[in-house]
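Okay, structure first, notes after.
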């Protein structure tokens with residue numbers, strides 16, 4: 001059993017935003033360009049929605065202008081438990097507590113429900129079919145990130161989601177201290193359902209859920225509610241020129257002209273592009289994409305909803 005992908009691959013696509021290894025995106029450094037999706041333009045010419053971008057020196061679309069709202073925990077999300085009772089959760093993630101899974105016993109139903117109810121709109125947007133599709137999509141993408149399945153696994157490879165808590169290579173530090181610090185001796189490798197990676201993602205997620213994840217990154221592998229919260233935060237939050245996965249699956253995202261020309265059309269495939277498009281998308285068939293689709297189809301079948309079209313990103317250019 002081996003987890004096939006980790007979010008660190010996706011983060012490679014975001015490194016230009018944080019490390020400055022790519023040409024500036026906006027402002028005087030980019031010929032007066034304005035950031036997409038209402039993002040702030042920092043004094044250094046990069047797009048974002050947090051204080052380093054919208055605060056001192058911000059060049060355009062600053063705090064007085066509309067910017068994307070980064071979700072913070074609230075008391076919303078009333079009926080996720082109605083749509084996903086514990087019996088259904090156990091059916092979907094059938095082997096998560098199997099002794100052959102390194103993370104057995106960690107991902108509890110109660111932790112998922114508590115985290116889900118902390119974010120307004122998650123699993124509660126639209127009609128019941130839309131809500132179920134979002135929950136199926138979230139559980140499918142995170143199941144792929146934590147999969148312990150193999151082709152001949154009991155009940156098939158798509159019954160083995162949520163098998164791992166931490167990535168298998170725990171030697172990498174993943175510290176890029178330009179915008180967020182790194183605590184001495186701490187590592188920011190992939191942890192949790194979305195395999196959150198890099199200190200700046202730990203910092204942003206911790207800021208949103210009010211936990212000090214810079215100094216306590218291991219909370220993602222010791223506290224299942226915190227772990228689920230970081231995954232849902234990632235799901236609900238737009239990234240630079242990328243929409244949130246939540247907006248895509250609930251039909252709230254409208255592709256721009258650039259998206260359309262890149263083949264990025266509404267559907268589950270765009271979510272894979274958001275998460276790991278620089279690695280998996282745009283070069284034809286990819287086994288990792290197929291695995292994500294396989295989980296999604298299984299979960300949609302369990303929910304009794306149509307998965308819809310545009311499930312892969314084989315012919316989509318990445319957002320990067």
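Including glycine, each Cβ sits where the backbone N, Cα and C put it.
What Swiss-Prot annotates here:
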{"type": "SIGNAL", "residues": "1-23", "note": "signal peptide"}
{"type": "DOMAIN", "residues": "24-64", "note": "domain 'Chitin-binding type-1'"}
{"type": "DISULFID", "residues": "26-41", "note": "disulfide bond"}
{"type": "DISULFID", "residues": "35-47", "note": "disulfide bond"}
{"type": "DISULFID", "residues": "40-54", "note": "disulfide bond"}
{"type": "DISULFID", "residues": "58-62", "note": "disulfide bond"}
{"type": "DISULFID", "residues": "101-163", "note": "disulfide bond"}
{"type": "ACT_SITE", "residues": "145", "note": "active site, proton donor"}
{"type": "DISULFID", "residues": "175-182", "note": "disulfide bond"}
{"type": "DISULFID", "residues": "281-313", "note": "disulfide bond"}
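Sequence features annotated in Swiss-Prot and their locations in the structure.
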residue: 35; record: disulfide bond; CB count, 10 Å: 25
residue: 40; record: disulfide bond; CB count, 10 Å: 26
residue: 41; record: disulfide bond; CB count, 10 Å: 28
residue: 47; record: disulfide bond; CB count, 10 Å: 26
residue: 54; record: disulfide bond; CB count, 10 Å: 20
residue: 62; record: disulfide bond; CB count, 10 Å: 16
residue: 101; record: disulfide bond; CB count, 10 Å: 24
residue: 163; record: disulfide bond; CB count, 10 Å: 26
residue: 175; record: disulfide bond; CB count, 10 Å: 16
residue: 182; record: disulfide bond; CB count, 10 Å: 21
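Here the candidates are the disulfide-bonded residues 35, 101, 175, 281, and by Cα distance the one nearest residue 26 (disulfide bond) turns out to be 35. The disulfide-bonded residues listed here (41, 58, 101, 182) include 41 as those with a Cα within 10 A of the Cα of residue 35 (disulfide bond).
Closest to residue 281 (disulfide bond) by Cα-Cα distance, out of the disulfide-bonded residues 40, 41, 101, 163, 182, is 163. Of all the disulfide-bonded residues listed here (26, 58, 281, 313), the one with the fewest other CB atoms within 10 A of its own CB is 58. Of all Cβ atoms in the protein chains displayed, 27 besides its own lie within 10 Å of the Cβ of the residue listed as 'active site, proton donor'. Listed in sequence order, the disulfide-bonded residues from 41, 47, 62, 163 having a Cα within 10 Å of the Cα of residue 54 (disulfide bond) are 41, 47, 62. With respect to their backbone Cα atoms, residue 163 (disulfide bond) and residue 182 (disulfide bond) stand 28 Å from each other. Here the domain 'Chitin-binding type-1' (24-64) has, by DSSP, the following mix of helix, strand and coil residues: 10 helix, 7 strand, 24 coil.
The secondary structure of residue 175 (disulfide bond), as reduced to three states from DSSP, is coil rather than helix or strand.
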